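The structure appears below as structure tokens.
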Amino acid sequence: MNEKLVKPSLAIVQSFLVILLTYLLSAVRETEIVSTTAIALYILHYFVFYISNYGQNFFKRGYLIELVQTLKYILFFALAISISNFFLEDRFSISRRGMIYFLTLHALLVYVLNLFIKWYWKRAYPNFKGSKKILLLTATSRVEKVLDRLIESDDVVGELVAVSVLDKPDFQHDYLKVVAEGEIVNFATHEVVDEVFIN
């Protein structure tokens, strides 16, 4: 997916967590969160998101790298909250306990949200009507490498629906439809294949 579209979209989706958390934590008296604090945290989220480069390579990150990036983002957020709390004493109020509650819950929820977005984009999105159906044409020497790359890659938007191994007519696969060499044109036109990937 286009990196220029991912970053603002991700920042907007995550900003809803900031609003939700500030609303919920404002009910807890020890946090000292008021309405102006919620607005400041909302603005700080966007600032910290871009300063920490949190949206960089979003769909290419694994679980561990996602956790490290989330912790980096939270550290930048903690620093921004501390500085803002110092300079905007009258308009920005959050206690240390409130900051710990907010940052802990925010880190957990952002991490889970990011994993859900990645799962949705990889598993659910390709099954919608508007997604691309891909037919792979390849040779025996490259079939496993190409299949693994197309199935596991986050760069490919679409669903791999069939494979045709041109130099091995008896090729079998566990869950992909295998198309014989003579049936490629018929399959591509009748099964509504949007893209033919030749390797």
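Note that Cβ sites are derived from N, Cα and C of the backbone, with glycine treated the same way.
Look at TrEMBL and you will find 6-26 (among others) tagged as transmembrane segment.
Residues or ranges marked as transmembrane segment in TrEMBL: 33-51 (among others).
Marked as transmembrane segment by TrEMBL: 71-88 (among others). Here the transmembrane segment (71-88) has long-range neighbours at 40-41, 44-45, 47-49, 51-52, 54, 94, 99, 102-103, 106-107, 110, meaning same-chain residues at least 6 beyond its ends whose C-beta is under 8 angstroms from one of its own.
Sequence-distant neighbours of the transmembrane segment (100-121) (same chain, 6+ residues past either end, Cβ-Cβ under 8 Å): 1, 10, 13-14, 17-18, 21-22, 25, 28, 31, 33, 41, 58-59, 63, 66-67, 70-71, 73-74, 77-78, 81, 94, 154. Annotated transmembrane segment per TrEMBL: 100-121 (among others), in sequence order.
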